[in-house]
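The compositional bias 'Acidic residues' annotation in TrEMBL covers 281-292. The annotation compositional bias 'Basic and acidic residues' is assigned in TrEMBL to 304-315. The domain 'TFIID subunit TAF5 NTD2' annotation in TrEMBL covers 106-234. Annotation comment: TrEMBL describes 54-78, 281-333 as region 'Disordered'. The repeat 'WD' feature in TrEMBL is assigned to 363-404, 436-471, 478-509, 520-561, 562-595, 604-636.
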Amino acid sequence: DRQTLVAVLQFLRRSNLRESEEILRREARLLGDDLGGSVATVASSSPGVAAVAAAPPGKGGARAGTAGSLPAAGGRDAGSQGSVAGVVVEDQPDVSAVLSAYNQQGDPTLYEEYYSGLKHFIECSLDCHRAELSQLFYPLFVHMYLELVYNQHESEAKSFFERFHGDQECYYQDDLRVLSSLTKKEHMKGNETMLDFRTSKFVLRISRDSYQLLKRHLQEKQNNQIWNIVQEHLYIDIFDGMPRSKQQIDAMVGSLAGEAKREANKAKVFFGLLKEPEFDVPLDDEDEEGENEEGKPKKKKPKKDSVGSKSKKQDPNAPPQNRIPLPELKDSDKLDKVMNMKEAARRVRLGPECLPSICFYTFLNAYQGLTAVDITDDSSMIVGGFADSTVRVWSVTPKKLRSVKTAADLSLIDKESDDVLERIMDEKTASELKILYGHSGPVYGTSFSPDRNYLLSCSEDGTVRLWSLQTFTCLVGYKGHNYPVWDTQFSPYGYYFVSGGHDRVARLWATDHYQPLRIFAGHLADVTCTRFHPNSNYIATGSADRTIRLWDVLNGNCVRIFTGHKGPIHSLAFSPNGRFLATGATDGRVLLWDIGHGLMVGELKGHTDTIYALRFSRDGEILASGSMDNTVRLWDAVKAFEDLETDDFTTATGHINLPENSQDLLLGTYMTKSTPVIHLHFTRRNLLLAAGAYSSQ
């Protein structure tokens, strides 16, 4: 590892073995002519990172990295997003190298003048440019403030902050609160938000005309201080065409690192669904012949998508069937699919005229603090994760939960009998609630496997546990995160699952590997929620850095970055046809995204508090959202996604035109008495189940 290497190099130097030192340095790609007698080994900002040696300032900071090293846990690795074996780990900032960029200071007393001069210029510019150039206020304000603090002009920094912090957009309040606590150079060293801001360039998207205007102004005024910051710390994504309006900009900004570069959303995404395996559905005896004639085509239909599956042709946007290895279907899975299709034949077609009934499961007296809920696909079991570190599983049907008999009893069973699967169950253990003990901290995420044999839970203790629903015991504890794990979810095909946590990284696992298969690094703050795409080739992650990223399971690349929320993301839902993504956050807005074009296509306003649950109905006609404001709202998804203008111009420049009023899309609002909604689930027949814990405040 790195420290050992540095120590060896120092030893060689002291022993005057210059030649060996050179060879070793070339091998390890350690450049920088002077390691110096005192090599600072400063642990880098991100939690699990190996110590990094300080390169002399001016050498571009510590850029070395041992061959094949991972972007460290949560690596601030903006450059090579999540490449699993990048040889050079860029942007693992060594703190002092990062901060030394602030040395080139101007006259501290003039900072307020520089800033107010620019502010005056922008406020007096034409309306069409003003909205775009106003995006500069926040990143410049932060960098100028940090520069003053770093160079120990504390009183100037304080008055600068007090004079201008009120001008910043309301959605930066939380960041400014963190910033206001950084008043001394020493505070900056350990502050992660600060280091993120320093090392990831803040992205602004500005039209060429507005940019030329700004450049001319700064060059005429000889305003080098601001020009240096613009060049050093901002990434200006320039597009040709009309400047964007205030509404268009407001819809897209607000994340920790500004907007996404347009390049980030260019990669091709296979958002189509995989072809369902074909097998015949045996007809029920009860069905009269007359109904069969109508019912036949319906029963064959797989559950996912009402349009794409009628023709047996492969969806042109679907990934190749074997792009990632998926588990084989077992006989029990086939049986389940048959059941599923029979249910689908009786499914209610929802729409504005036909809204679903909602069945609400209220957890009463949940003094253990309910922190997570999940419901099986066939709606037979419900699980709650609690702050007292227990996981509790209930049967929601009259069928009780039973464990398999002990080994001694199993050996007595006649294995040839027809009802062997019944006989192995121990009636003495039947109960409607099972409690699973094992975690040592609050359980923040739970997920049932599609075949209902397993259950995942993730906790503040940093582990993800896999439980058997046959024996109600823990089978594996997956240890990879060093910090709380906020969410976990099984793939729609089982076998794979994803977890995301406080270390800013999402990990992809397979149930039979105790180490992760992929590490998705790139978010600048906690990964708060995770979701598999219906075709299992992609994973969406929502983060406290106020962005949503879409990752490719095959190679670990980040293929989409969506910005626009003004608070941490807490819920994600893919539409059943795989084309769209809905996201909800603490800002009370639901945003809708077109995955193929990488564009925001809608904004649903109505909730007044964090949105913790989002779910599309089985055929995608209705989007349900559940929030801390104690309401469930139903939205017209068909209308929200129809006649989208996704022409090339929009895609190229991000001129999105959102409908002014999302109230036309709101189909209904349903209040609970005093129960925040933390989970939603549509049954196979489109009954909406909701869950939450009654709060007596």
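In case you wondered, yes, glycine gets a Cβ from its N, Cα and C as well.
Worth saying up front: this structure is predicted, and the values here are computed from it rather than measured.
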Legend entry - Chain residues in Cβ proximity to the repeat 'WD' (562-595) (below 8 Å; excluding those fewer than six residues from its ends, i.e. six or more beyond): 171, 174, 251-255, 258-260, 269, 271-273, 304-305, 307-308, 317, 525-526, 528-535, 540, 542-544, 546-550, 601-616, 618-620, 623, 625, 627, 629, 635, 637, 640-641, 644, 646
Legend entry - Remote residues contacting the repeat 'WD' (363-404) - C-beta distance under 8 A, at least 6 residues beyond either end: 336, 339-340, 410, 424-427, 429-448, 450, 452, 455, 457, 459, 461, 467, 469-472, 678-679, 681, 683-684, 687, 689, 691-694
Inset, instruction - Determine which residues of the chain contact the repeat 'WD' (478-509) at the Cβ level, with the cut-off under 8 Å and only residues 6 or more beyond its ends counted. - result: 46-48, 73-74, 326-327, 441, 444-451, 454, 456-466, 515-521, 523-532, 534, 536, 539, 541, 543, 551, 553
